[in-house]
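Features of the protein shown, as given by TrEMBL:
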DOMAIN    5-39  domain 'Putative zinc-finger'
TRANSMEM  79-99  transmembrane segment
TRANSMEM  211-232  transmembrane segment
TRANSMEM  244-267  transmembrane segment
TRANSMEM  273-293  transmembrane segment
Amino acid sequence: MKQECSIVRDLLPLYVENMVSPETAEFVRGHLAACETCQAEVQSLRQPPDVTPPAQEERPEAPLRRLQRKLLLKRIQTALLAGGFVLVVLLSAFAILSAPRYFPYTAQLLEVTEQADGSLTITFDQAVTQCQVESLGTQEPDNQSESYSVQAWTSPWDQWFSRSGSRTLTITPQTDRPVRVYYAQNNGQGDVLVYGEHPDGGMETLPRLVLGYYLFLAAGVFVVLLVVRCAAKKKPKVRQWVGRALLLPPAYGVGHLIVLGVTTVSYCATRDFILIVAIGALVYCLVLLAASLHRLWRELRPH
């Protein structure tokens with residue numbers, strides 16, 4: 001029987017394709033009627049062929065391409081890190097060099113001239129490179145006068161790049177009330193009345209304290225994020241995102257330190273806040289980029 005099975009199996013491919021003589025086909029059919037093993041062989045031959053291509057082995061050049069991509073990414077990140085560092089240095093230098101240096105009042109600092117139309121022209125000394133006037137409106141308790149505050153300053157940046165010549169301001173009164181013009185020294189001393197009748201008492205322009213509040217707020221956010229990160233020990237993704245956010249308050253603190261130093265008061269809070277946020281954002285991006293570059297360097301380092 002085994003010998004007959006061997007003969008039939010040799011004939012099965014031709015039998016399935018109807019390429020045998022009728023006598024041979026009759027012989028094979030008779031054998032298949034009594035042999036289950038050969039029947040299974042016939043069924044397998046009649047199944048459609050598997051045309052799925054075999055899995056290709058990884059080409060030898062694939063690891064090399066991955067290495068090349070990582071090296072390219074490393075070069076790009078290094079260039080971005082260097083460029084960001086240069087931007088931080090330049091922006092920090094601009095913040096320091098453009099910081100206002102307010103002039104204390106002297107008789108030669110400014111001159112107020114009343115014009116025929118009732119407006120006032122204030123001419124400053126040539127050492128002044130920037131000046132500003134602010135309407136105080138009805139801030140005075142008596143509300144019997146129209147008051148203005150002027151201030152003048154310079155900076156190394158202005159001395160190098162601003163045009164020379166005297167700066168002037170024009171004040172156009174909006175009411176018929178008496179006009180008073182104060183000069184704000186911005187040095188902790190009282191404001192000086194440079195035009196108008198002297199009121200009872202004086203006035204002083206106080207520095208803004210809001211940047212100190214922002215600094216304390218950043219410290220509070222840092223503490224809260226630190227507690228959240230410690231509490232999320234079993235949640236790696238939460239720890240990862242909180243860890244990134246944890247860098248924001250210190251970055252803001254670095255920006256504050258560069259722009260204002262250790263003080264928290266400012267006479268130009270808007271300007272200082274914009275510079276603090278800009279420098280802090282750059283520092284934050286640099287830290288994230290440096291961390292990513294360090295991870296990539298560890299992957300590329302030979303073990």
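Cβ coordinates are placed from backbone N, Cα and C, and glycine is handled just like the others.
Keep in mind that this is a model prediction, so the values were computed, not measured.
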Taking helix as H, G and I and strand as E and B in DSSP, count the residues of the domain 'Putative zinc-finger' (5-39) in helix, strand and coil.
29 helix, 0 strand, 6 coil
Where else in the chain does the transmembrane segment (273-293) make close Cβ contacts, counting only residues six or more beyond its ends and a cut-off under 8 Å?
74, 77-78, 80-81, 84-85, 87-88, 91-92, 94-95, 210-211, 214, 244, 247-248, 251-256, 258-260
Non-local residues, at least 6 beyond the ends, that sit with Cβ under 8 Å of the transmembrane segment (244-267):
92, 95-96, 99-100, 102, 151, 186, 205, 207-209, 211-212, 214-215, 218-219, 221-222, 225-226, 229, 275-281, 283-284, 287-288
